[in-house]
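Below: the structure, in structure tokens.
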């Protein structure tokens, strides 16, 4: 066995002491491990060989995870914790990259061949192509449009109908105050640099990363300089505007396309801004997500549900993000379709009555603990994950199970699908638990669904901004008496003193809590006045303007600010994953490619193919087409010239699930029969023409399988009458 591995381990242990300062334990050792060549595995299994190569990387992640934990236990400065976490993420990326590099070659899709098929058969193409195209914008052709619509329809049936979710459809134009309240106006931004001569824009962190990687690949780059740059890359997500500007100067970063100087980094808001109305007085944005429309309509939705929790609302629609440098096809675009669910639930009652229906599902879970200890995702029963506390509660667990069933139903491979838990530093302070469904593609692992359990932070923000209570009422088992303390303003005196600002004062007083009111009551009794500040203005209130009222109140209901389970689906990313996971090349014929879409999402469920252009076949083509239409089966008639085998190949290439062929036996024999072909196996059966539309409908709806069809009907061996032709080339 070559001596690479022991030396690799020694290098790792030497470079990664457990309690070293974060700047010392930067990504240098990890980078060396990533670039190390894979060992030949002639004398042992490839799996054992891969695990040996991954062992030092797992060790590096585990050591850094322990280091992060110790920093937190020791209450180290936050800046040190942030650096250590950034290094942990860098090592995780190195480990994951090596895992992907070591996967079997037959597990990797031929992306170039697939993209050629997609373009040639017009699944989708760059928008405005005849004008040169616009990056990040795509038009879907007939096949892509049908596939996308079927993915959406399957989503509606799987979630909205099954869970009786309330679907709404909100406007894509959003006034600025809404997104100011949600935080998008202030925080939804990336840093951007611009070519000072031609104005070409680049995302600053991506450009800096590419530039440093290019410098590091130079053989003349010293080990010390390389280590320094690796440290910068490890911290890349944490740099602010000025730090990025300094790094661009230090490393002399230029435009990669022209070599021109670049402007200093500036924050670039990723929302498309516009103005609503002709006056230009109402700024607005194209929505960056669909969720805000659901939150704003919470009160109406709660009323529609008779005021009861839990309930869920959903929305499907386009969202917009003005990406600085969109890339990777459908994975990072500027306009995309989302499907989002907001499941509102009492935070004290997070038990789902239907959880047992998914509890026995086994799926790959990549827990936060596994990530910080360098372990891989492991298959786990969903019920066990909830019982052991890996997943926070059964409501979240139920939705993870339902997401898994949907994704596998529409064509995503279970072996290339995992659920990754957010680490503590990735979650917002108001979140309880978050999991992302991630699919393995030729681009690596990509997030396709997010599923978060969070307090309804958005509802609280919008309630404060609008003074509209966005809460539910929960009946109490027994009435309870509570002490109430509130300000009692003299509206006349306040109005006389502050006129148009009186409303501000009254709103402020109505929102004060008991503790604050008691403090101000003491000031009133001692000094006869107190001062408040609201919206940048100061107001002095005296005894004749306000008093304090104390009384008891009997409550029969209590207000509940709901928690929300929030599954958010990126339908474009799901579609791309399906394309990769279902793309195949026929064994023995490299030129014949096909997509093995499940029938439920196949663009066309069936093709109708006359054996030739013989006019005797046409009445049967018409009869079958009309019957398929009556049964709601999307189909494609291909009566063009060319051999039947070539036409089968054409329909396979766009993923048509089944094919009905009319031949001379159809014409010459009674009862009239035709063949039905399965795309994936290329096997055929023969059945009466009148039965076939119902059979295809049941196959497309998932009521029966191809195995059921083969058990019921005889396999087709070849036609018995008329001109003899080979059915498959």
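Residue positions begin at 1 at the first shown residue.
Glycine too: its Cβ is placed from the backbone N, Cα and C atoms.
Remember, predicted model here, so these are calculated numbers, not experimental data.
As written in Swiss-Prot, here are the features:
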type: TRANSIT; residues: 1-33; note: transit peptide
type: DOMAIN; residues: 53-109; note: domain 'WHEP-TRS'
type: MOD_RES; residues: 194; note: N6-acetyllysine
type: BINDING; residues: 289, 340, 566, 567, 568; note: glycine binding site
type: BINDING; residues: 321, 322, 323, 332, 333, 447, 448, 573; note: ATP binding site
type: MOD_RES; residues: 443; note: phosphotyrosine
type: MOD_RES; residues: 491; note: N6-acetyllysine
type: MOD_RES; residues: 690; note: phosphoserine
type: MOD_RES; residues: 726; note: phosphothreonine
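A map of Swiss-Prot features onto the structure.
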residue	record	CB count, 10 Å
289	glycine binding site	20
323	ATP binding site	18
333	ATP binding site	22
340	glycine binding site	22
447	ATP binding site	14
491	N6-acetyllysine	12
566	glycine binding site	23
567	glycine binding site	24
573	ATP binding site	24
690	phosphoserine	13
Among residues 289, 340, 566, 567, 568 annotated as binding glycine, what is the maximum Cα-Cα distance? Answer in Å. 13
Based on Cα distances to residue 567 (glycine binding site), point out the closest of the recorded positions 194, 323, 332, 448, 573. 448
Which one is it: of the recorded positions 194, 333, 443, 568, 573, whose Cα lies the shortest distance from the Cα of residue 491 (N6-acetyllysine)? 568
Max Cα distance spanning 321, 322, 323, 332, 333, 447, 448, 573 (ATP binders), Å? 19
Name the one residue among 194, 321, 333, 443, 448 whose Cα is closest in three-dimensional space to that of residue 568 (glycine binding site); these are the recorded positions. 448
Tertiary neighbours of residue 322 (ATP binding site) (same chain, Cβ under 8 Å, six or more apart): 268, 269, 270, 271, 272, 334
Can you tell me the CA-to-CA distance separating residue 573 (ATP binding site) and residue 340 (glycine binding site), as a whole number of Å? 14
Closest of 289, 566, 690 to residue 332 (ATP binding site), Cα positions, recorded positions only: 289
If you measure C-alpha to C-alpha, which of 340, 443, 566, 690 (recorded positions) come within 10 angstroms of residue 321 (ATP binding site)? none
In the domain 'WHEP-TRS' (53-109), how many residues does DSSP put in helix, strand and coil? 48 helix, 0 strand, 9 coil
Do any residues at least six apart in sequence from residue 448 (ATP binding site), in the same chain, have a Cβ closer than 8 Å to its Cβ, and if so which, in order? 407, 412, 437, 438, 439, 569, 570, 573, 574, 577
In all the protein chains shown, the tally of other Cβ atoms within 10 Å of the Cβ of residue 332 (ATP binding site) is 18
Same-chain shell around glycine excluding 289, 340, 566, 567, 568, C-beta within 8 angstroms of the CB centroid, reads 290, 291, 338, 339, 341, 342, 450, 452, 569
Would you mind listing, in sequence order, the residues at least six apart from residue 443 (phosphotyrosine) in the same chain with a Cβ closer than 8 Å to its Cβ? 328, 331
Please tell me which one of the recorded positions listed here (194, 340, 566, 690) sits closest to residue 323 (ATP binding site), measuring Cα to Cα? 194
Can you tell me how many other Cβ atoms are located within 10 Å of the Cβ belonging to residue 321 (ATP binding site)? 22
